[in-house]
Amino acid sequence: MNWSGLESLLSGVNKYSTAFGRIWLSMVFVFRVLVFVVAAQRVWGDESKDFVCNTRQPGCTNICYDHIFPISHIRLWALQLIFVTCPSLIVMAHVKFREGKDAKYVEQHHGSHLYSNPGKKRGGLWWTYLLSLILKAGFDASFLYILYKIYDGYDLPRLSKCSLDPCPNTVDCFISRPTEKKIFMLFMVVSSALCIFMCLCEMLYLVGKRIHELTDMVPPRSQYHKTDPTLTDSQLSLNRKEKVREGTVTTTL
């Protein structure tokens, strides 16, 4: 897969992202894609060729390998990176839609713009951006869970027991360089966890900033009538009649 093409495509998301989003994108390409392309593929490239079981029974080694490695780590991580980076493309598509809509509006209204800044996270784009963060964190968490369930934890044992047909009995199977592969697996797991943390931080930042902006837009309490919201209409009218009978005039601010 051409990862450089994906990187150039997603680099345009930086100008629409917050500081947390830029850090997330840097972590994805430096700590995950770069490590995946340069080192992880070479480390895991011999997993099938150098997988050895202490038996000469035809087919036993292949069956045991398929049992111990239901899905290759490399292919699983490749799928994870594709799923995790795709939500950012949704944000870019929404911005491009806004830009096209704004261009048509300018033509029809003689220079007036529909959006002062099509990339500003307001309205529907704010919700699209928030949805992309939820999807990115959700995909990363899902793949971490899948990896944990498939391999019974984030560990690679030096020795694996296998007793599946057509193996004549319980045989011992060994993978090549288990320590090195375990280190790279833990590195990818920690990188995914940090990316999830950055997505959560960015979600909190977006929601907190939006709440702060909405709070600033609310008029002061002095502009509202100071009435008790727990009183019913009949109680309010009864209070007014009693005040008129007493000959006093009150004004509600």
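Every residue, even glycine, has its Cβ placed from backbone N, Cα and C.
Remember, TrEMBL labels are computer predictions, not curated facts.
The domain 'Connexin N-terminal' annotation in TrEMBL covers 42-75. Sequence annotations record features per position, and here TrEMBL assigns domain 'Connexin cysteine-rich' to 139-206. Among the features that TrEMBL reports, transmembrane segment is placed at 20-40, 76-95, 126-148, 183-207.
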Checklist outcome for this item: Near the transmembrane segment (126-148) in space but 6 or more residues beyond its ends, with Cβ under 8 Å, are 16, 24, 73, 76, 79-80, 83-84, 86-88, 90-91, 94, 154, 189, 192-193, 195-196, 199-200, 202-203, 206-207, 210
Next on the checklist: Just to be sure I understand, if DSSP states are collapsed into helix, strand and coil, how many residues of the domain 'Connexin N-terminal' (42-75) fall in each?
Outcome noted: 14 helix, 2 strand, 18 coil
Next on the checklist: I'm checking region-level scores; what's the whole-number mean pLDDT for the domain 'Connexin cysteine-rich' (139-206)?
Outcome noted: 89
Next on the checklist: How about long-range neighbours of the transmembrane segment (76-95): same chain, 6 or more residues beyond its ends, C-beta under 8 Å?
Outcome noted: 1, 6, 9-10, 12-13, 16, 25, 28, 32-33, 36, 40, 118-119, 124-125, 128-129, 131-133, 135-136, 139-140, 143, 146-147, 188, 192, 195
Item to check | Tertiary contacts of the transmembrane segment (20-40), as residues 6+ beyond its ends and Cβ separation under 8 Å | outcome: 3, 6-7, 10-11, 13-14, 73-74, 77-78, 81, 84-85, 88, 136, 184, 187-188, 191-192, 194-195, 198-199, 201-202, 205
Checklist outcome for this item: Summed over the domain 'Connexin cysteine-rich' (139-206), the DSSP helix, strand and coil counts are 41 helix, 7 strand, 20 coil
Next on the checklist: I need to check the long-range neighbours of the transmembrane segment (183-207): which residues 6 or more away from its ends have a CB within less than 8 Å of a CB in the stretch?
Outcome noted: 18, 20-21, 23-24, 27-28, 31-32, 35-36, 39-40, 43-44, 73, 77, 80, 84, 121, 126, 129-130, 133-134, 136-137, 140-141, 143-144, 147, 154, 156
